Amino acid sequence: MMRGRSDGGLKKRLIASVCVVALFVCFLFMYYGSSSQGASALEYGRSLRKLGSSYLSGDDDNGDTKQDDSVANAEDSLVVAKSFPVCDDRHSEIIPCLDRNFIYQMRLKLDLSLMEHYERHCPPPERRFNCLIPPPSGYKVPIKWPKSRDEVWKANIPHTHLAKEKSDQNWMVEKGEKISFPGGGTHFHYGADKYIASIANMLNFSNDVLNDEGRLRTVLDVGCGVASFGAYLLASDIMTMSLAPNDVHQNQIQFALERGIPAYLGVLGTKRLPYPSRSFEFAHCSRCRIDWLQRDGLLLLELDRVLRPGGYFAYSSPEAYAQDEENLKIWKEMSALVERMCWRIAVKRNQTVVWQKPLSNDCYLEREPGTQPPLCRSDADPDAVAGVSMEACITPYSKHDHKTKGSGLAPWPARLTSSPPRLADFGYSTDMFEKDTELWKQQVDSYWNLMSSKVKSNTVRNIMDMKAHMGSFAAALKDKDVWVMNVVSPDGPNTLKLIYDRGLIGTNHNWCEAFSTYPRTYDLLHAWSIFSDIKSKGCSAEDLLIEMDRILRPTGFVIIRDKQSVVESIKKYLQALHWETVASEKVNTSSELDQDSEDGENNVVFIVQKKLWLTSESLRDSE
């Protein structure tokens, strides 16, 4: 929903704008003035301060940022500010839906023992940060992959708490202007690569490679630290969703994404993880400090929901090997629980146990009546995740999986282009799937041709497809050294399970809200008809643009594919966002990807790049 429509002349618009701004500032002062925390958390970018953005390349943006913020662009009857205010520097790492200050201000009554304070709590539109998030002092363009796996700029994530706290575990080490990652972890001080090989050896996988000749492709690492486990699995063609909350281990997911490793901010609390059932072949917890016995095994049952038939759970923790009374008691209770869940010990050696989930429903059906935990209700949807609470029950397999005694997935990489078994759940045919795959391959080739003057082989690493559908955009990038976070809306067909069945990863998300990631974490955003979609929901295009700017790294790219009228509206914000046009191309309405266009309106591919800028305060601090 675009803001600021104008019905009168320029003079009237200016007077009206000034009055509205004055009233709004007064409202903010009265509303937040009583709370020092609220005032410091919002400040609306220090009210309406000027950007003061000096480009590190020496470009002053043609002096446009020196103009008064209240000057409006009246073209096509839309009044749009030529510059957005900049949020206070202290908010350079704000995550709107995971903002502890917002929780305090709203006095939300959350159960800390259930980790509710680490779950999503999104501000209403009137309390959003409608300002640009500044990079921290001394920010530099991130180090390119694959070098970034082992080192990042310290200025980009100025948090050295973990380096000191975990100094004996080789998580990360300060080295001058950089932070290096030796590959260690709490349980694998001598390197994740050796630890991974040892697990593969325990499971008798060929050549001590955990991918089991392509049969093991998707992994969930809970309590992942700085994601070194997932980083070293990439060499084996294993895609890991590294998951952790933004807790006392400051910014661990931010470090992971800065390194170019797939990661997501999330927690095993009260809500289901944002993944469909049967998404992962392997789950991992290395001293993740999770009480798996709480609430009748609720958290372990959530892992069970997202594991595929025959999937593994590797658990490296004192409970698995320590001989003191407390740990022996926990081990006994945990062993009894997983036995009732029909898991079996695949192997137990040294400090690690690996359990395996059954291949079919046979064991569930053979349990004694009244055995806990029970099977979930037959009418329960195991794939519904948006705002759905976890349940302490076992998710049985579908008739297809029970009959085939497994997921029926092809090994990787054939899995990427093979028709997923769950395709029939949506009434899609194999022909539709193959055509979609080929169409997006052509489109991605076209995108890269349009960006050829700007994009080299290592320019982008972290990519997000904001409307992934069946994941064919990501599939088309298989030969590039990138990874894709595939996002599927909770309002449409839940095709995220098809994406996981292709050996890709993703999450469920509504773009009327902020995404669960730190600022400056993605190199490229692909927005296919996202703006048209949110407009139909009555949500703000301006809010989405500001959110995309928050997510996007400086020098990163946005590919917008939408109606021409929508793209023309977006163009009015480029100067305010400090984005510049890279390429623009009309799309034929006969394209099967763009058939929703009304009245024969052409769709447009519009590609922009975010400039690198710092606030004047940050520049002074870095001198």
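Even glycines carry a Cβ here, placed using N, Cα and C.
Summarising the annotation, Swiss-Prot assigns N-linked glycosylation site to N204 (among others). Secondary structure at N204 (N-linked glycosylation site), as computed by DSSP, is coil. Of all Cβ atoms in the protein chains displayed, 10 besides its own lie within 10 Å of the Cβ of N204 (N-linked glycosylation site).
Among the features that Swiss-Prot reports, N-linked glycosylation site is placed at N350 (among others). Neighbour density for N350 (N-linked glycosylation site): within 10 A of its CB lie 10 other CB atoms from the protein chains shown.
Positions annotated as N-linked glycosylation site by Swiss-Prot: N588 (among others). DSSP assigns N588 (N-linked glycosylation site) to coil, not to a helix or a strand. Within the same chain, residues at least 6 positions away in sequence whose Cβ sits under 8 Å from that of N588 (N-linked glycosylation site) are D594, N602.
Residues annotated as topological domain 'Cytoplasmic' in Swiss-Prot, with sequence analysis given as evidence: 1-13.
Summarising the annotation, Swiss-Prot assigns topological domain 'Lumenal' to 35-623 and lists sequence analysis as the type of evidence.
The annotation transmembrane segment is assigned in Swiss-Prot to 14-34.
A distance of 16 Å separates the Cα atom of N350 (N-linked glycosylation site) from that of N204 (N-linked glycosylation site).
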